[in-house]
Amino acid sequence: GVDKPGCRYMFGGCVQDDDCCPHLGCKRKGLYCAWDGT
């Protein structure tokens, strides 16, 4: 994820990793942000 205004937090809706806040990635199957291991 990226540090930008409006980034999505854990379990926030997303389409791609860049929609999520830092250390989060978009889980394609559920279309929500989750911890990416960083």
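Note that Cβ sites are derived from N, Cα and C of the backbone, with glycine treated the same way.
What you are looking at is a predicted structure, and each value in this text was computed from that prediction instead of being measured.
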| said: So CYS7 is in a disulfide according to Swiss-Prot. Which of these is its partner: CYS14, CYS21? | reply: CYS21
| remark: Rounded Cα distance in angstrom between CYS33 (disulfide bond) and CYS21 (disulfide bond) is 8
| query | Taking CYS14 (disulfide bond) as the reference, which of CYS20, GLY37, THR38 (the recorded positions) have a CA within 10 A of its CA? | reply | CYS20
| Counting other CB atoms within 10 A of each CB, which of the recorded positions CYS33, THR38 comes out lowest? | THR38
| CYS7 (disulfide bond): which of the recorded positions CYS20, CYS26, GLY37, THR38 is the nearest Cα neighbour? | CYS20
| request: To the nearest whole angstrom, state the Cα distance for the pair CYS21 (disulfide bond) and GLY37 (site 'Responsible for the inhibition of BgNaV1 fast inactivation'). | output: 13
